[in-house]
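Student: The structure is given below, and queries will be raised subsequently.
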Amino acid sequence: MADLLNKSQQLGTEKYPRKSEKWIQYGTAGFRTKAEELTHVLYRMGILAAFRSMQKNAIIGVMITASHNDEPDNGVKLVDPHGEMLEASWEVIATKLANAKNEDLESTMSQILEENGITIGTNAMVYVGRDTRPSSPFLAQAAIDGIKSVQGCVTDFGVVSTPQLHFFVTCQNTNKAYGEPNEEGYFSKISSAFKALRGSNYDNGSYQHSLSLDGANGVGALKMKAFQEYLGNCIEVTIYNSGDGKLNYQCGADHVKVLQKPPQNMPLEVGTRAASLDGDADRLVYFYLDTQGNFKLLDGDKIATLVAGYIKKLIKESGVNLNVGLVQTAYANGSSTEYINNTLGVEVACVPTGVKYLHHRALEFDVGVYFEANGHGTVVFSSAAMETIKNAAADESLPAERNAAAKQLFLLMDVINQTVGDAISDLLLVETVLHAFGWGVAEWDAAYTDLPNRQMKVSVADRNVIQTADAERRCTDPPGLQSEIDSIVAKFNKGRSFVRPSGTEDVVRVYAEADSQANADKLAHEVALKVYELANGVGNVPSLPK
Ligand code: G16
């Protein structure tokens, strides 16, 4: 073993050395920074994924992507055996390995193996996928070399969306019970269920089976194109920003959500239903122009409420006894939470940012719907719930209406990629619900009106000086910042604001909502100025959003 680890350290030092002392941390969704600073991290994450695979005796995934970030950033997300994000205790181990000095690599590896009871040589299998960034192939190679250096086996899926990789990992680790671990398996499973739910009437009421899609110039555009072969003509998707332009530049789900405006290069007519994916196709937001030509956003909150309402309806109609819960973060618009509590009558939970937190909380319900406002989310069904739905769908002795609703629920589970938020599967889920309700985009939007809101970014010397509590709704450090925020918020009708350090970008994020857009902007700006003042702001002083 010592020899093997020594050779692994040698390769790491020669080919993928850690070139600076800069500390890097496993953040909201893995490691994320400038691609050129990541080569040693990727080599080491290959090693770590192989170790984790040995420990769990299961496939582990390594996804090379920086998702919504602009180039030249890149990153890596590790996928655990059930398709979920890497377990929190291993994030600490990952950070330790990524920051080990070159000469300490071997001893750090030994320590990880020993502390986690891992015997090297046990079969290790790692699935590797990457997004379309120019830096991704090289970084993928670094990960592959890392995996092989400790005798792990690799399946390289090439360019795939993040949720596809999660799907493949889950399929293989469930002995294919969840599906076939390849692209054909993914497309077939989702499209068959989608088509069966849609039937032969592609339009219904105000619902029309065509939409415009902003592919963020990323992998989602490529995969949606390929998916169209399977979907046939039951849905017409016109793709813009399909890969010729720069990834996420002036387009993509984050751009649309944060700036509250349409992506570039997409003609938008009044009433046309449009959607945006992000760079690795795990986030989705919808938008349209209303009859006055105003831009209207339907974000993760709107998707969550639409989907939860539909699932609740089907559960009621099928007569199965299952509870539905909805999980959000502090970014959820106040109006959405009010709507969930007062109109939908669904239990709602709030957790810190990061799908890893939402996913785990959602698993506590029979049916857990989770979405971040940024459009990242999915629905998870407990094993017992899946069994109950399956039995009800197969029970022809049930009254026809109940049996039909159970059958719809059963199919709906296959449209949903339960392993992680998946923009393409979520898009088909939304389209299914709108089709079933016979709704156009305006009817969907009418459920509730968002409180005007604004997000800002503040650059500070060290974003980690910001510490939060209560699912990031309160700031505990630096001292005095929260009481300043409270006094600012108190001046605004329906005001709410919070700050938190981003886990994917080197900034502090500020969120604010209030009774008008001008007030939301003003509130965000005043809070951003306080952050700049009390948390050691650097660069330009935050200016009032335009
Ligand atoms: C990742 C996470 C999301 C999170 C987002 C922003 O998304 O998976 O859960 O909301 O980062 O995180 P932060 O505010 O900490 O920067 P993605 O799509 O970029 O992978």
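Placed from the backbone N, Cα and C atoms, the Cβ positions cover glycine too.
What TrEMBL records for this protein is below:
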type     : residues                                                               : note
DOMAIN   : 54-95                                                                  : domain 'Alpha-D-phosphohexomutase alpha/beta/alpha'
ACT_SITE : SER67                                                                  : active site, phosphoserine intermediate
BINDING  : SER67, ASP278, ASP280, ASP282                                          : Mg(2+) binding site
DOMAIN   : 114-170                                                                : domain 'Alpha-D-phosphohexomutase alpha/beta/alpha'
DOMAIN   : 299-439                                                                : domain 'Phosphoacetylglucosamine mutase AMG1'
BINDING  : GLU372, ALA373, ASN374, ARG500, PRO501, SER502, GLY503, THR504, ARG509 : substrate binding site
DOMAIN   : 477-529                                                                : domain 'Alpha-D-phosphohexomutase C-terminal'
Student: Taking the residues GLU372, ALA373, ASN374, ARG500, PRO501, SER502, GLY503, THR504, ARG509 listed for substrate, what is the greatest CA to CA distance in Å, to the nearest whole number?
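Tutor: Per the listed residues, the maximum Cα distance equals 17 Å.
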Student: Roughly how many angstrom lie between the C-alpha atoms of PRO501 (substrate binding site) and SER67 (active site, phosphoserine intermediate)?
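Tutor: A Cα-Cα distance of 18 Å.
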Student: In the domain 'Alpha-D-phosphohexomutase C-terminal' (477-529), how many residues does DSSP assign to helix, to strand and to coil?
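Tutor: DSSP composition of the domain 'Alpha-D-phosphohexomutase C-terminal' (477-529): 23 helix, 13 strand, 17 coil.
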Student: Within the same chain, and leaving aside SER67, ASP278, ASP280, ASP282, name every residue whose CB is within 8 angstroms of the centroid of the CB atoms belonging to the recorded Mg(2+) site, in sequence order.
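Tutor: These residues sit around the Mg(2+) site: THR65, HIS68, ASP131, SER161, THR162, GLY218, GLY220, ALA253, LEU277, GLY279, ALA281, ARG283, HIS376, ALA423.
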Student: Between the Cα atoms of ASP280 (Mg(2+) binding site) and SER67 (active site, phosphoserine intermediate), what distance do you get, rounded to the nearest Å?
Tutor: 5
Student: Among all protein chains shown, how many Cβ atoms are found within 10 Å of the Cβ of GLY503 (substrate binding site), not counting that one?
Tutor: 17
Student: Is any of ASP278, ASN374, PRO501 (binding-site residues) within Cβ reach of ligand 1, i.e. under 6 A, and which?
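Tutor: The qualifying binding-site residues are ASP278, ASN374.
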Student: Using DSSP, would you call the residue listed as 'active site, phosphoserine intermediate' helix, strand or coil?
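Tutor: In three-state terms, the residue listed as 'active site, phosphoserine intermediate' counts as coil.
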Student: Treating G and I as helix alongside H, and B as strand alongside E, what does DSSP give for the domain 'Alpha-D-phosphohexomutase alpha/beta/alpha' (114-170) in helix, strand and coil?
Tutor: 25 helix, 15 strand, 17 coil
Student: Compare the C-alpha of GLY503 (substrate binding site) with the C-alpha of each of the recorded positions SER67, ASP278, ASP282, and give the closest one.
Tutor: SER67
Student: Within 10 Å of ARG509 (substrate binding site) (Cα-Cα), which of the recorded positions SER67, ASP278, ASP282?
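Tutor: Hits: none.
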Student: DSSP helix, strand and coil counts for the domain 'Phosphoacetylglucosamine mutase AMG1' (299-439)?
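Tutor: Residue counts for the domain 'Phosphoacetylglucosamine mutase AMG1' (299-439) by secondary structure: 81 helix, 19 strand, 41 coil.
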